[in-house]
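What follows is a single structure, written as structure tokens, with notes after it.
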Amino acid sequence: MSSSPAARRELSYSWGYLFFDEPPLSVEKAWRLVQSSRFGKTLILVGDVVSKSFRERGLGDFFIVDGHTRRNLKVEDLPGKAEAFTCKNRPGEISRECYELLRNLLTSAIGRGKKIVVYVEGEEDLLSLVALLYCPLNDSWVIYGNFRGYLEVIPCTSFFRSVAENLLVKHFEKD
């Protein structure tokens with residue numbers, strides 16, 4: 001699926017909780033929010049810097065990374081005993097391969113106590129929408145770094161799931 005100009009416009013708006021601090025402060029604030037909420041503690045992390053920042057504090061259950069960062073950081077130290085998967089995804093798109101992989105993993109594999117890492121060949125940015133669509137409802141959070149540099153922390157609720165679904169249906173052209 002390719003994103004339309006309208007999708008890019010709508011995705012420029014922020015949703016969920018926003019943290020404008022740099023790591024580690026942003027991570028600490030986000031984790032306090034998660035701990036004090038009723039939405040579970042499962043963390044789905046999208047992006048290399050976010051994944052690295054949370055992982056350095058022993059946090060995270062599901063990681064979606066592409067090996068590229070705007071800050072040119074090398075992301076290593078993801079969970080060594082994690083189940084690792086790979087898919088290809090071009091910039092500005094959501095490939096069928098990544099969509100299906102994330103849907104299957106998020107609906108069946110997450111929550112079994114094992115860490116999961118999805119390595120994306122290409123770009124992972126838009127895959128946060130798929131994560132929101134299939135995250136464990138009322139029991140998880142999708143967290144990613146916004147292109148403006150702040151941390152977006154979104155509880156997996158029916159409201160945010162419907163926002164992601166509407167964006168995908170209305171503003172992504174099926175290939």
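Heads up, the Cβ atoms here are built off N, Cα and C, so glycines get one too.
These come from Swiss-Prot:
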| type | residues | note |
| --- | --- | --- |
| BINDING | Asp48, Val49, Val50, Asp66, Glu124 | GTP binding site |
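In this structure, the binding-site residues Asp48, Asp66, Glu124 were compared by how many other Cβ atoms lie within 10 Å of their Cβ, and the smallest count belongs to Asp66. Local packing around the binding-site residues Val49, Val50 was summarised as the count of other Cβ atoms within 10 Å of each Cβ; on this measure the leading residue is Val50.
For the binding site of GTP, formed by Asp48, Val49, Val50, Asp66, Glu124 according to the record, the largest Cα to Cα distance is 12 Å, rounded to a whole number.
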